[in-house]
Amino acid sequence: MTYTQQNSPIHEALVKHKKNRVVHFDVPGHKGGRGNPELTQFLGAECLKVDVNSMKPLDNLIHPTSVIKAAEELAAEAFGAEAAFFMVNGTTAAVQAMIMSSCKAGEKIIMPRNVHRSAINALVVCGAIPVYVNPGVNRNLGIPLGMSIEEIKKAITANPDAKAIFVNNPTYYGICSNLEEIVSLAHDNNMRVLVDEAHGAHFYFGENLPISAMAAGADMAAASMHKTGGSLTQSSFLLCGKGVDPGYVRQIINLTQTTSGSYLLMASLDISRKHMYQHGKEIIEKTIDLSDYARNEINKLGGYYAFSTEIINGDTIYNFDRTKLSIYTGDIGLAGIEVYDLLQSEYDIQIEFGDIGNILAIISAGDRAFEIERLLSSLSEIKRRYGKDKVGMLNHEYIDPDVVLTPQTAFYSDKKSILLKDSLNHIAGEFVMCYPPGIPILAPGERITKDIIDYIIYAKEKGSVLTGPKDMKVEYINIVD
Amino acid sequence: MELWFTEHHTEHVKFSMKVKEQLVNKQSDFQHIAVLDTEEFGRVLTLDGYLMVTEKDEFIYHDMIVHVPMATNLNIKKVLVIGAGDGGTIRELTRYPGIEHIDMVEIDPMVVETCKEYIPQTACSLEDKRVHIYYEDGLKFVRRMRDEYDLIIVDSTDPFGPGEGLFTKEFYGNCYNALNDKGILVNQHESTYYDEYVEAMKRAHQRIKETFAIAKVYQAHIPTYPSGHWLFGFASKHYDPEKDLDVEQWNALGIKTKYYNTKLHLGAFALPNYVKEQLSEYE
């Protein structure tokens with residue numbers, strides 16, 4: 001059978017399977033929901049009926065030969081990639097598969113320090129060595145930026161044996177690097193470009209957006225379809241460009257991915273790809289309109305700064321994703337995390353995250369004008385009721401890490417637990433980060449400095465949720481003994 | 001053949017009226033709009049299938065939402081009305097010669113057009129020179145105002161659907177800003193007889209109480225609304241609707257009303273015990 005972008009092969013196979021009324025003597029044991037009435041009532045009978053296991057008519061994610069293969073080919077076509085993989089263990093798994101199929105133990109990878117924890121976790125697993133590039137910080141906004149071409153050139157010259165350059169594009173805040181130039185530099189030096197496109201799956205479907213990884217010629221990209229593409233949480237695409245052997249990538253994915261791939265997640269990817277291919281342009285246009293409207297109104301409130309393309313500087317802010325609504329809150333004297341908490345507790349508004357200086361609201365096709373009005377009114381109220389002078393606000397600075405041990409060596413070393421405040425100059429044996437956004441303040445193998453301790457204590461005081469350490473309260477930290 | 005309009009007051013309770021003829025059946029950008037001509041209640045406006053106004057009992061709602069704040073402060077000159085597409089609230093307000101300016105913010109122009117054509121009984125004063133109609137989101141309109149009004153009346157639909165934003169804390173906060181230092185906010189406050197409305201009302205009341213120095217609830221008997229027992233919220237920075245009621249002056253105005261009178265005004269604040277308990281739960 002020939003499929004086109006109007007098809008959704010996995011979804012169609014599931015519909016057919018449901019009609020066939022097959023008798024199941026296989027897993028899952030709930031057998032179409034009958035074995036678990038409460039769950040069925042909660043999630044819906046139709047949902048449970050298609051929560052099935054791999055079988056001949058539905059293909060197998062580990063070794064696709066029929067409908068999953070067809071769906072992956074359609075996805076590759078839709079994203080302009082040579083190959084695409086359905087990922088059911090999050091974009092985390094896609095990021096790890098990119099790194100592990102490009103670097104082996106002891107090999108180097110150039111990356112900005114503001115990567116998501118999933119990237120450094122991959123280094124813990126595979127033993128590759130990070131070469132960090134300072135992403136640069138916008139001092140006014142306190143946000144890490146994209147990668148500077150000069151810094152990348154320096155890193156390449158100093159580490160000509162590196163295997164790959166890893167780029168966050170866009171960042172959580174919507175900031176893009178000069179991807180085409182990075183690809184050209186990397187390929188001239190026989191390095192791959194791996195793009196964490198966790199916040200950029202929509203780049204493939206809309207107009208007036210920054211260039212996507214595949215269009216820029218990157219070798220691999222992890223596109224988080226569940227974030228901005230409409231699929232279910234935990235589903236994602238791994239995309240490969242030319243010169244990447246998809247067979248090897250599949251082997252790497254299969255090292256850690258489940259052998260019981262969820263058909264709910266796969267069908268959601270399949271349907272979302274079709275939906276975005278068909279309607280992406282209007283969806284993105286509407287999203288940008290809502291987001292631009294909100295930005296404009298927020299900037300009129302005063303005290304907040306919802307930034308957009310005016311911050312572009314040709315290098316570390318090469319482009320900006322206008323669907324993102326990132327708002328600097330420092331001028332009303334409140335940390336982003338404080339505004340985040342107030343929106344949640346006082347106004348029943350849940351936004352994506354708040355950090356020290358900013359909050360981020362995700363705008364999508366699912367939003368309606370009146371919800372945007374609620375956000376605007378609440379921000380206006382928060383300023384009126386809680387706004388104060390801008391004093392005692394910690395200026396967020398990039399903390400250049402001193403990497404003493406590789407993440408893997410540090411993670412698996414003998415460790416001991418000491419009070420965070422007494423940990424100066426020791427080597428961290430674990431991560432510390434605010435989640436979200438999940439960018440490590442400290443990664444295993446890095447020296448603990450005074451700036452880092454101060455920052456962690458400040459973030460805790462402001463109410464950030466700190467994760468990483470074994471000690472859930474983050475009073476103690478594991479150091480390399 | 002019999003034609004009946006039915007509204008679910010709860011999952012297990014229905015309220016029905018016999019329909020002579022359906023006059024309007026259309027979909028706006030915001031909601032479904034229908035006008036029915038009924039045997040008992042005259043013409044009836046429904047939005048998304050929920051009954052909003054009937055010719056027979058609209059006077060109760062409109063008397064109570066307008067005359068209670070007006071009799072509390074007879075110097076009200078500038079009023080903002082949010083919602084109220086049927087025009088009934090505006091009709092009562094325009095009876096006060098002292099009112100100089102009325103802004104009305106309704107999200108859906110089709111509601112206003114429909115009522116002008118089919119329910120002139122309520123829409124009759126929308127052309128008054130003092131009335132200025134803005135078709136936009138109420139939350140958005142009020143957010144931009146500072147120290148502007150003596151009275152804001154929130155004549156909205158239920159807290160589910162297009163009126164949702166008008167039951168939020170940010171909205172009450174923005175109203176507080178838009179009112180001057182003696183300003184009054186009156187809103188329709190749902191009913192608490194049936195369980196499914198209790199939470200919405202309690203939350204709305206709690207949010208108003210957190211925002212305004214004075215926040216009271218009063219009631220009226222409205223036969224076509226769920227349970228027939230309906231509540232209104234009165235909030236103010238300065239005026240107390242019981243202590244500041246000006247009986248003599250209001251009666252001297254000679255405004256003839258079918259439901260409201262100054263004795264009933266005071267009585268309306270005497271709430272049943274179960275309602276008092278519900279309201280005090282968050283205090």
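All positions are counted from 1 along the displayed chain.
Cβ coordinates come from backbone N, Cα and C, glycine included.
According to TrEMBL:
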type: DOMAIN; residues: B:2-237; note: domain 'PABS'
type: BINDING; residues: B:Q31, B:E106, B:D137, B:G138, B:P162; note: S-methyl-5'-thioadenosine binding site
type: BINDING; residues: B:H62, B:D86, B:D155, B:S156, B:T157, B:D158; note: spermidine binding site
type: ACT_SITE; residues: B:D155; note: active site, proton acceptor
Checking interface proximity: list the binding-site residues among B:D137, B:G138, B:D155, B:S156, B:T157 whose CB sits under 8 Å from a chain A CB, in sequence order.
B:D137
Of the binding-site residues B:H62, B:D86, B:D155, B:T157, which one sits closest to B:Q31 (S-methyl-5'-thioadenosine binding site) when you measure Cα to Cα?
B:T157
Any idea what the model's mean pLDDT is for the domain 'PABS' (B:2-237)?
92
Spatial neighbours of B:E106 (S-methyl-5'-thioadenosine binding site) among the binding-site residues B:H62, B:S156, B:T157, using Cα within 10 Å, are B:S156
I need the CA-to-CA distance for B:H62 (spermidine binding site) versus B:D137 (S-methyl-5'-thioadenosine binding site), whole Å please.
22
Given the binding-site residues B:D86, B:E106, B:D137, and counting only Cβ atoms in the protein chains shown, which has the most within 10 Å of its Cβ?
B:D86
C-beta crowding around B:Q31 (S-methyl-5'-thioadenosine binding site), within 10 angstroms
20
Reduce the DSSP letter at B:D155 (spermidine binding site) to three states and note it down.
strand
Between B:D86 (spermidine binding site) and B:D137 (S-methyl-5'-thioadenosine binding site), what is the CA-CA distance rounded to a whole number of Å?
16
Whole-number Å distance separating the Cα atoms of B:G138 (S-methyl-5'-thioadenosine binding site) and B:S156 (spermidine binding site) is 10
So B:T157 (spermidine binding site), by the Cβ count within 10 Å over all chains shown, scores 22
Rounded to the nearest Å, what's the C-alpha distance separating B:T157 (spermidine binding site) and B:D137 (S-methyl-5'-thioadenosine binding site)? Just drop the number here, would you?
13
Cβ density check for B:S156 (spermidine binding site), other Cβ within 10 Å (all protein chains) comes to 22
Would you count the other CB atoms within 10 A of the CB of B:D155 (spermidine binding site), including those on all shown protein chains?
26
Could you state the whole-number distance in Å separating the C-alpha atoms of B:D155 (spermidine binding site) and B:D137 (S-methyl-5'-thioadenosine binding site)?
13
